[in-house]
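Undergrad: Have a look at the structure that comes next, please.
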Amino acid sequence: MHPSYLGVFLTFARNSLIRDMTFRTNFLIEVVSSMSWMIMNLGFYTLVYQFTPDIEGWGKYEFFVFIATTMFVNSLVQAFFMPNAQELSELVRTGGLDFALLKPIDTQFLVSLRRVNWSSLGNFFVALVLLVYALPRIENFQLFWWQILLYPFYVLMGVLILYSIMITLAATSIWLGRNQSLYDFWFYITNFSRYPMEIYRGSYGEPLRNAFTFVIPILVVINVPAKILAKPFNSQGGGMAADWRFLALFTLFATAASLIFSRWIFKKALGSYRSASS
Amino acid sequence: MVARVQTWWTILKICLEERLVYRGDFALGTLMRFLPIVTQIFLWTAVFASAAGNTIEGYTSETIIAYYLLTMLGRAFSSMPGLASGIAKQVREGEIKKFLIQPIDLLGYLLLARIAHKLVYYTVAAGPFALVFYLCGDYFPPFPGMQVFTAFIISLLLGFALGFFLEASMGLVAFWFLEVTSLLFVYMLFNFFCSGHMFPLDFLPEPYFTLVNFLPLKYLAYYPAAIYLGKVPPEELWQGLLIETGWVVFFIILSRYLMNAGYNRYSGFGG
């Protein structure tokens, strides 16, 4: 008999919420501090846009939509997967993974979704506000029904790609025993995804862009949904690889491939797990 | 006196050896820390490509990259990872008691440990730093002359002292609040924005620029880079360093005061 995955997940989510609500002040502080981080980021770009009308074709409010997309994707990843991936390397080190393996449920599901960090969802609402603020201020802005459908869909695809990369990285801690610089690495890799892909040009930029689009697909994570919403028609420069229609198709493939690849890595890593004597 | 120097020397030596254990991880970590610079280069190239003039507030598309690289150097001196949170943890978990019993001064010990940490860091990081600065050589203006260079080195060293005593003071607040994580986070955010780590402070519109100019945070990243890039007029150079010294003295006194006041407040239970 199979356990109800949805039921188990809802229980996890509820338990995490109860736990978060036990320390309410701490919860509030976490929400506020991650918000202030994003507000500083916005301040930085407001400053930059005082000196320039656009960055590689991204006007100020189009870029704000880009930032809002970054916030949507990151807050979802941080809420659902980040604390769990972090814990996985700790579970491996202490041998606590034994208990996860014994449970009659898929191990990847269990270790990926055990905790929900509700406070990270604070930024999700900031992103909504930012989106509502920025969208009508884009020049000649029109909203089509397919944009409203595709945008959340591709935000979700982005979350899944990032999840795959994260769980792949976390799974390496099974081989390495412990992976301290995991989060540094994560930070530096995803750092590339936080900018419009058009800025990577020139003899160094092109290969970099291609590598981060087609080898490790982190550039499509935010660029594709942001383009769908903010600039669905004008795709100047960069040729075919910057056309969102092509990229959107590719993203479907990339998401499926990353999920399958990360699943394969995870299983392979589990196969060589040797329990720490506890 | 001799015995005392010997004690300090032993502590320094032990800390040095402790630090050298993880040198491989260290070197790799340092090299990775330059990765964000890559995106910064692309971002600013794009900004300058569509900006109205060739310069933004006196920065060209080259000097802005030099600025970011120089602030990284400045931060290599002034940033104190784990110092404040380490002190707070020692207070919370009662480990601080050993400094009450042993004839070692808490701040003195931490300073030595930090110097050892930094010395190891510089020897290991010199390679990656030299490599990146060599690769990015074209972004730098010509050598600014001995006087400015001396001032630059002094500002780096003062930056270390300021960073240490400022952060130690933050950590010592734990004697009153125990849990200072959120305070430290706010400080970190503020520091990132106001020290010039995120962007050159010259970009700030008035009155914010004047306001930030009065804060000690600018000495942690902005000031050394500004000196090297000739943003500080020669007649204000030594005056600026003097003010920085003033801030260092202020935070030395503040941290001493907080430590002693904290000791008086502290009550350790259990063992």
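Cβ atoms here come from the backbone N, Cα and C positions, even for glycine.
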Undergrad: Which is it, of B:65-88, B:89-112, that TrEMBL names as transmembrane segment?
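TA: Based on what TrEMBL states, transmembrane segment spans B:65-88.
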Undergrad: For which of the residue intervals B:34-53, B:114-133 does TrEMBL record transmembrane segment?
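TA: Here TrEMBL associates transmembrane segment with the stretch B:34-53.
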Undergrad: Which residues, given as numbers and ranges, are at least 6 beyond the ends of the transmembrane segment (B:208-229) yet have a Cβ under 8 Å from it?
TA: 63, 66-67, 70-71, 73-75, 77-79, 141, 144, 148-149, 151-152, 155-156, 158-159, 162-163, 166, 190-191, 194-197, 200-202, 237, 240, 244, 247, 251
Undergrad: Can you tell me which of B:146-166, B:173-193, B:241-259 gets the most C-beta pairs within less than 8 Å of the transmembrane segment (B:65-88)?
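TA: By Cβ pairs under 8 Å, B:146-166 leads among B:146-166, B:173-193, B:241-259.
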Undergrad: Residues sitting near the transmembrane segment (B:241-259): Cβ under 8 Å, six or more positions beyond its termini, same chain?
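TA: Hits for the transmembrane segment (B:241-259): 106-107, 151, 154-155, 158-159, 161-162, 165-166, 168-169, 172-173, 175, 216, 219, 223.
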